[in-house]
């Protein structure tokens, strides 16, 4: 071989396939001729990773890879395609170039150290890139015979069974291919053969001749490989028996039949480092030409450290695999090894197949298998001739034919080192050869064949021989066995099946002694052998004996020197660095590159040898230290007593590496988890640190290593998740009754109802009710379903019960035919009440459930069970309580909407009051809070008194909880307060309410800020006399108590005790000068008045005695006006001179001021915070009685004659505006038109009322539609009662209309809102349409918006009146659209666009239209009878006719109601000869019409009964006819019980015709009615 040195690489290289080149025999085996650096050589900047001692199931050639049984990849590996470095063979090479281990990014993985084979756990390998099938090379064929089959030639079977770790077919791989899958014998890196103890000197390697064809030499001229040999160089020689099973049964392995792995050979063998020869052996040539495994046989097992295992196994690879010792590649002689088929027992095909399948098995099973195989299998022997020691009889054993890495997942071979020089076939020597003479013969034969090709050993080879002598014995067991096992099955290097990932490569730790490497690799082995049971223990013992007792330092130095020739620096493993650091002389001395290639453990002459089965076993200290991490040494045997002080559960955990890791290197997870997985067992070292360290660290004995679990993962195995029996599915995937369209429609209906209920709010109510009306509810099932949905929603959300009750009120007319009685119908109301009653009476069933649960709780003994049952019981009770309260609240709201009668409600109250349990009493409180005001009228007061007496008794007995007692007391207090709650019901709010509250809160905050600012500054104009000792004390609610003694000018000797110097005394009381204030009589009259916010009014200068302000009442009339927050106080603090610019503000008044004062007291009762600011908010003022107010009014009237009327308003516009806001705010809360009218009447004397109109419009413009409607009605009543003039009305609106166009930016619907404020005025006729429209159009014509407002007004009128009537009003007003639209706009187009064409349609004159509408009772009856009886018009048509021909007043008139009832009754009467009966179907059909116009009004219902009575009288009162009508009308809930009773007791003379006979005919009906009512009361 050429001695040309190669570029030194600081890292170990993996074995690779080098292009064959002409090799010149040379004494320097580490130097090879060639222009290119071997592709497998890693660059200096790449890191080497030592795999942890974890039983990782994958070798790391390219990062994390899985070797999964039955998993055959044809795609790229998990980690990604490796980058290939082109390798151009200098000579003709039939092999295709491919990626080598050095071609892959270092982040994916680093080479392994082959110092010692690591027993790999089940490797999960993801195949690397496919390699093109290499062309066959002519090589010398080696015939292999199987002694177990009578010497049968199994060479062809072995050759055809070669496999590759790559997904490509295992055809011979090109020499130039740098990928790991297969190694040619000449390309095998200097795999240090493991020499067994039979030979103490390890010179075999040096003397082994290597023969090879010349072309192969030329092809295989790889540069010197790293010192560490890849175990992948295991000889891939399989004997006949094995070959057959490999070829035939490897497909079965793919089928997933896991079988135990072949155990390592029982006899320890050690391979001495062989001097590398430039000439490969003929056997290697032959082997390299043929793959050992077929594609089926491959268990893609790419080693993450070695990527260049040649597809064609060679003797060299076998030996190297069997002995992945750390011998220097330079020391290895590339000598061919002949394999004698009969020399060793072949692993049975079943075992091999099972090994292939066992990749995914757990480590324990695999290692058990390994133990068995060791005992069963004779190693395949190769006879090699050692030039150096020819006299020594060496028995070469290629341990049981190399098994594919997939077959040996339990073994983690030592990390491979890429070859840089043609590897020499390692020789496995074992005592097993001695047991088989055939083996010896075959070995001799092979050696003879190689004589012609022998070359002199190079200097390096000799050095390696010396080195191997000292190391071969000890390493034989560790390296030869697993490597041989690995090499047999697959050309993939055995190290591919390494267990734990070796630690990452670190540039700092490039100097590692062979001892460290051996220790580091022994540790993973030991870790993996933990799972091996007693079967392996004898073998472990032998292995422990095979470790070297001493090392040859010269060999180490030679190995280090060898590394200089392109070898990679030894990777540093976590935990192994302790060896290098602790043994500094060993690890850190010499060159930076420490060689461990050929490291073996030689036995001393006096020590026991594995071949000596009877000898005494003796070991020295160093030898024992080397085996301290072997499986037998670190795993706790089963059955030991748990004595923590004597028996350790785990070995000491080595200290983690503190050196910075390469950020490109990903952490390796436990077991089979890939690098990118999330590791639950992260080491304390943090991210990026391998879980457990490989290298032993004797410097930290206190640390222990956790035993790991090997988890088998199978990618192809289908994981079946447990499926829930009643798993939720989307509606589209559910097994619905697809064949039943009715069921589908029903479910769709329920879905829509749920959607509407979820969106139901007071603001969205009208919108959603239209959607509900459009739903089709035509069966009893659907109706019940809808009722259940509404009811459940109502009781679940009591705060929204008002909205749900209103929804039910709108659906009360809904009727559907009964399912069991086709002729009968059932209505919504009846089913709803039944549902409520069922829920109301459910307490008995609930009690039974609670009692049962209570018994279970008492019977339970376990505390956990008792706790669980107790929680369940409490939860059930709480749920039942919430449902009961929700049901009661809902029932109360239904009663308030007249859907339930008083009798039913009294029945509920009595029932709840009888039960003294807390739940019933709580429901009672909720019910009375809801409906107490409606039940507590004059007629029912005696019953209510009984209820409350009983409640007071319950409170006094104190037998219930305090919570319930307080609730009862609250209801009692509520009744005493006339059912006016202290706080408003916290129900759902509209957006307007929320905005309003936020605005009020903001105003309150501003007011507080202003008050604080005012306190800080001096008020100008106020003379402060510090010497006077003014003492101002802050009182509650901003009231200030002034010390009278400080008022120096108050000199009246006798002051009435009732004179109030507190804020109630104001300007008026001091108007008489310094007389001392009001008299006692006056103060009595003024006691009810509120205090002024101007609390410094006593400091005002005295007014002239003759001025109008001298009246003692005048101050009270202005009490709410002198202070407007802090500003008011500032103004009132100023002295008011006689010639002030605004003397009337405080110095003028009238008796109307006093009346206004009293109205303000009433407003304060329920005023919001803004009102409190004006009135001072004193509780004493709120407690003023009506008697005081009436007394004050009388006093004011008596003074009116003495007080002249003011010439000007007493209040400024700003003050009127503030007061108007308070009046409007109170009115909108209590809707008391009478009170509001009185306040406005009083305000009109003090200021312009157009300000009130303007404030009313602005105040309600952005609030709810109901608010605007109420405001519009208030304005109409004020105009109608002439309290508000039309001029003020128009003027108040004009200011807003002028700005409306600009306001439309912020209020887009401003035109609709303005129309809602005006519509009531037009509807009720307060102002004529012409006058109103003309006035409103004036400010809008310049901006062209008059038409838009008129359009909104007319549309709103059409909703409340018919289009026909609105059109008539328009035409009657003689209005033309041209006057209100901008010039040039098409009137016709505008009317069509706004749908106002009805205003222009021709029709009869308004007088004719009005005269037609004024129909007599006879005409109404005729037309209605024609529609109902003759034309049988539907309800909508009747509604349209009534709307078109009658106005609202006529619709509610007795004439129309009687005519309608008469027509319906006539249509329902069926005459059979002389008998009459009622067709209930007709009545039921016309129930919507009757309900709409009777509107649940008792008076209207009474008129309908009068009409029915008259119709019966006309028919001469047929027997039972009236009773049948009464029954039907009652059942259909058209007529209420109150109306029936009222008709019965009616004494109206006009309705007495036939009344006696009629009463007699319905006596039974009334008797039944009363009995039913009494029954409900008793219940």
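Cβ atoms are placed via backbone N, Cα and C, with glycine included.
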Review point. Which candidate in 267, 421 appears in Swiss-Prot with the annotation phosphoserine?
Key: 267
Study note, to complete from the structure: Which range is region 'Disordered' per Swiss-Prot? Of 681-706, 1227-1252, 1253-1278, it is 681-706
**Study point:** Annotated region 'Disordered' segment (source Swiss-Prot; candidates 632-660, 1009-1037, 1038-1066)
**Key:** 1009-1037
Check your understanding: Quick one: which of 1-35, 36-70 does Swiss-Prot have down as region 'Disordered'?
Key -> 1-35
Review point. Swiss-Prot tags one of 470, 736 as phosphoserine; which one?
Key: 470
Revision key, fill the gap. If one consults Swiss-Prot for phosphothreonine across 168, 177, the residue flagged is 168
Study note, to complete from the structure: Out of 472, 554, 578, Swiss-Prot gives the annotation phosphoserine to 472
Revision key, fill the gap. Counting across all protein chains, other CB atoms within 10 angstroms of the CB of residue 1212 (phosphoserine) number 16
Check your understanding: Average pLDDT across the coiled coil (989-1018)?
Key -> 83
